[in-house]
Amino acid sequence: MACRRIGDQEQFLATAFSVVNCGRPPAWGIRTHSICMVSDFFYPNMGGVESHIYQLSQCLIERGHKVIIVTHAYGSRKGIRYLTNGLKVYYLPLKVMYNQSTATTLFHSLPLLSKENTVLRAALDPEIVSVIPNAVDPTDLTPDPSRRDNSTITIVVVSRLVYRKGIDLLSGIIPELCQKYPDLNFLVGGEGPKRIVLEEVRERYQLHDRVRLLGALEHQDVRNVLVQGHIFLNTSLTEAFCMAIVEAASCGLQVVSTRVGGIPEVLPEDLIILCEPSVKSLCDGLEKAMLQLRSGTSLAPEIIHNKVKTFYTWRNVAARTEKVYDRVADETVLPMDKRLDRLITHCGSVTGYIFALFAVLNFLFLVFLRWMTPDSIIEAARDATGPNGVWTKQYFHTQKRKEKEENSNC
Amino acid sequence: SPAQPATMNPARHWQKVLYERQPFPDNYVDQRFLEELRKNIHARQYQYWAVVFESGAVVQQLCSVCVFIVTWWYMDDGLLSVQWLFGAGLVSSLIGYILFDAIDSGAGRKENRRTRWADLKSTLVFVAFTYGFSPVLKTLTESISTDTIYAMSVFMLLGHLIFFDYGANAAIVSSTLSLNMAIFASVCLASRLPRSLHAFVMVTFAIQIFALWPMLQKKLKAQTPRCYIIVTVVFALSALTGLLTISSVGAVLFTLLLVSISCLCPYYLIRLQLFKDNIHGPWDEAEIKEDLSRFLM
């Protein structure tokens, strides 16, 4: 996959790849592709990857492409299902090994990293790596200042409680600030092995009424928690694209975060206070945010929301992904010997040969499968049009025009 | 569409931000790409002789194990009397004890605030207990077959060498585990000796060579490096001589092992530094540099 998508569950996204096939005639000026998204994670499972694939597919369908999704069967949900707008999903009867992952995901789940790291580690030409941010649906994440308790200041943390999210730093920040400011409360959403550290701190400093640990949150409950706070704190030690801070800003919170990974690229300077990953620096950042709140110089939640909602939209992500597909479709497919050459020369003197061996085995397996079930006896699927032809492109085309008119009106 | 490079404004520079729609394609590679890449920031420059000097700790420990086994062999064959070993152990312990304080002229003792009386007390307690329990130690593993005892001793001594604290700051290092494994090996081997007095002397000797001797070495190394080198060479030579009287092939192999550890391995370590290719950059996981446990104390 030539394009990179950054998400909150980046380690799984590596397996969500797309196969592009542009055998269909172009329509309405843009090239249309037949796109197959393959991922272990899809509805009815809920999460970042699942919604990413669903939303991206919907936007690509809207742009006139044909999209199918291949995933594994979830309980009795197997076979072929059609979702909204004729999004066809194949639930394959594969054996689930661990945590809703089939063998393939377990064997090649590489963490997705920054463009620099991807280029360096995989020895790629940087020109073929595109950086496309994740999208956030701003319609659900609206501010609600009436839910805030303005007699105090509430700092919200929503994160898995693990080492990589810097929960140890949080365990230093809580006592430091709570002792200094009696009108400060913490609201922590999320679950994980580091919860015990926070509980110990709460016990040690007698902060039961000021530090609330909410435990694991469903995605739909996140907004409910976010709108109760004034400041959002992110203490991550490493992050590709931090969805949490965008969601918090979308709910109108002032964001304070560590300056790690891709975080400085995510929000403009007036919406985020960046700190070094140390208790001292984060406390300084939080104090600055509290001072702005008290003096009334901080931006109003509504203003923050209106700024953030334009940043990361699904339509934008889909348009940019489409460009990558266009480019990939133009690439020539290398013959087998060239591919083996590339593996041997690019992947190290020893591992290169091992990779080449696996490639050959894979190829032989494909040949074997083709011999078992020849292409000629597989019936080609026909495009479904849906009830009253609502899934045809003509329908979307008119829809889209309507939307454009609406957009230009407002 | 927003991502299209519609208006290419040459005056406008690309920014490494995601929140803004820029007039550049998504696969744009800026001049500053990989500017923050750092390579081999933790690589160290080694001096050959300094590494050889440091390898002395490994050589010493290998020789300790060798001396221990040779001594046991002599005891098993009846070539070494119990009284002689006990006497030699007592004398060398006393000399070592005096040296231990003499090297740093009592500075370490003052720091620990440990009195001689306390030393004497713990020595007496230890000797009394080992002597009292030596009949138990003698029969403890008697019912286990001799082959199993040998195999177990080999594994325990290997484990002792692996987990020993050679001065490296690594997770695998555990001096407690290392010492326990060595003592366990000595208890195993002691059960094959003829009498319980033998077992007592063997275990005492194991304590001397595996617990007390490394402490003295460490101090020697820190205070008088010159003496340390001489002591290491003499110790290695005596271990080799002892081994030679038992097996000439073993002595040759052991010599090769010592030479490769003290001469070849340092050379390799320095050569392999050239092939180091560590990549660091802003994408690395941040490190928490401060001590956060103070908040829980």
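The backbone N, Cα and C atoms fix where each Cβ goes, and this holds for glycine too.
As annotated by TrEMBL, transmembrane segment applies to B:48-75 (among others).
For B:81-100 (among others), the entry in TrEMBL reads transmembrane segment. Here the transmembrane segment (B:81-100) has long-range neighbours at 71, 75, 108, 119, 195, 197-198, 201, 204-205, 208, 212-213, 215-216, 219, meaning same-chain residues at least 6 beyond its ends whose C-beta is under 8 angstroms from one of its own.
What TrEMBL records for B:120-137 (among others) is transmembrane segment. Taking Cβ pairs closer than 8 Å, the transmembrane segment (B:120-137) reaches residues 187, 190-191, 196-197, 199-200, 203-204, 207 in its own chain, all 6 or more past its ends.
Annotation comment: TrEMBL describes B:149-168 (among others) as transmembrane segment. Within its own chain, the transmembrane segment (B:149-168) has Cβ neighbours under 8 Å at 54, 57-58, 61-62, 65, 68-69, 141, 174-175, 177-179, 181-182, 184-185, 188-189, 191-192, 210, 214, counting only residues six or more beyond its boundaries.
What TrEMBL records for B:175-193 (among others) is transmembrane segment.
The transmembrane segment feature in TrEMBL is assigned to B:199-216 (among others). Long-range Cβ contacts of the transmembrane segment (B:199-216) within its own chain (Cβ-Cβ under 8 Å, at least 6 residues beyond either end) map to 60-61, 64, 67-68, 71-72, 75, 82, 85-86, 89, 92-93, 96, 99-100, 126-127, 130-131, 134-135, 137-138, 160, 164, 179, 182-183, 185-187, 189-191, 193.
The annotation transmembrane segment is assigned in TrEMBL to B:228-246 (among others).
Through the fold, the transmembrane segment (B:252-270) approaches residues 46, 48, 51-52, 55-56, 58-59, 62-63, 66, 236, 239-240, 243 of its own chain, all at least 6 residues removed from its boundaries and within a Cβ separation under 8 Å. Annotated transmembrane segment per TrEMBL: B:252-270 (among others), in sequence order.
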Close approaches to the transmembrane segment (B:175-193) from elsewhere in its chain (Cβ under 8 angstroms; 6 or more beyond its ends):
68, 72, 75-76, 137-142, 144, 146, 149, 152-153, 156-157, 159-165, 199, 202-203, 205-207, 210-211
